[in-house]
Amino acid sequence: MQNIHFIGIGGIGISALARFLKEKGFKISGSDLKESKITKELEKEGVKVSIPHHKDNILNKDLVIYSAAIKEENPEFKHAKELGIKCLSRKEALPLILEDKRVFAVAGAHGKSTTSSILASLLDDASVIIGAILKEFGSNMIYKESQNLVFEADESDSSFLNSNPYLAIVTNAEAEHLDHYGNEVSKLHHAYAEFLDTAKIRVINAEDEFLKNYKNESTKLYPSKDIKNCTMRIENFKPFTSFELKDLGEFKVFGMGYHLALDASLAILAALNFLDIETIRTRLKNYQGIKKRFDILYADENLVLIDDYGHHPTEIKATLSAAQEYAKLGGYKKITAIFEPHRYTRLAANLKEFAKAFESIDELVILPVYAAGEEPIELDLKAVFPKALFVEDIKREGRFLVASKGQVFEEGLIIGFGAGDISNKLRQKDE
């Protein structure tokens, strides 16, 4: 089996799998609805990418792997089935992709990309497959001739149960993506327990409401007791967080916020199974962050523009706390958040929590909901966010942002939140 075709290859997670299999020696092709930065990069790397989907794209393929967004009526999926070509969902393909690796898997509702990327910096001999772009490598995949592989495991479709972890980290088990679990929290928690039980080494945030009751042997982080003297500073506009962990001394990591110290601590405790503490302390300094996580796009004395993937109230609240600290340290007098809600179901289920998450900032701008394929839900957002400015669009013009109504945002700390298209709106074309 040599020719593998990915339907939906432009996705951040599926593109990492395609890159990994290409490095393993398979001939990779793919397709997507529209061209993107990821599809352009894949083409430069030698992957044949077809835009848009067309039934002829799967001719002469041995295997088709499709993303979670692909429906049965997709022309490529339908034609592959008609021709008898084996078709696997991303979830079903994981055992094939990870089969010969010792997998260090990171799961959790929040913080898994950051934790897995920090772990990748510490275990620098390991291959890496994550759902974010590692800034020090410029990719969501690193291939090494190694048995070890750092993998960001996804609970949203229970695919983390197919990752066969040697080491499992769970950052938290907050209820997200409940639709996949029949809207039953107990089923989600059972899946997390099954994921942990599979691993030989387990590292957990033991102050999480569910994880604190996990009975099997594990390395437990109690953040309120184990993380001390957490301080933040800015060096040439770059954010850094320092903290002490248990009796292991002080650590310094790129990025800002207590939540970053928590994620780094989980990665450190996992890495201690394989490395000495001084090696960990040194390698942690190599970490340069990931794209779309407190990602500083522009900074001077009057303006800092930040892009963040946060799309759940818990994430937004934690990141805004870090943003307030950055603004204080940098002398920025005003904080503006630009929010592109992601999925109607998530917004409807967490309206009060979203309103509370944004209540501490000076100015809130709300873009239309990024539906991600969902049917619209009628919501009175103006009643929930009475002080917000609602705009149809926003775009980057030089250093500044300009809204569709003509408002210009040009000073203070400006931070965009969302998992949809907002990142493209905040960036220059070449970023």
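Cβ coordinates are placed from backbone N, Cα and C, and glycine is handled just like the others.
Taken from Swiss-Prot, the feature ATP binding site applies to Gly108, Ala109, His110, Gly111, Lys112, Ser113, Thr114.
What Swiss-Prot annotates, mapped onto the structure for a quick look.
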residue : record           : Cβ neighbours (10 Å)
Gly108  : ATP binding site : 27
Ala109  : ATP binding site : 21
His110  : ATP binding site : 19
Gly111  : ATP binding site : 25
Lys112  : ATP binding site : 26
Ser113  : ATP binding site : 25
Thr114  : ATP binding site : 30
Beyond the site residues Gly108, Ala109, His110, Gly111, Lys112, Ser113, Thr114: chain residues whose C-beta lies within 8 Å of the centroid, for ATP: Val106, Thr115, Thr171, Asn172, Asp263
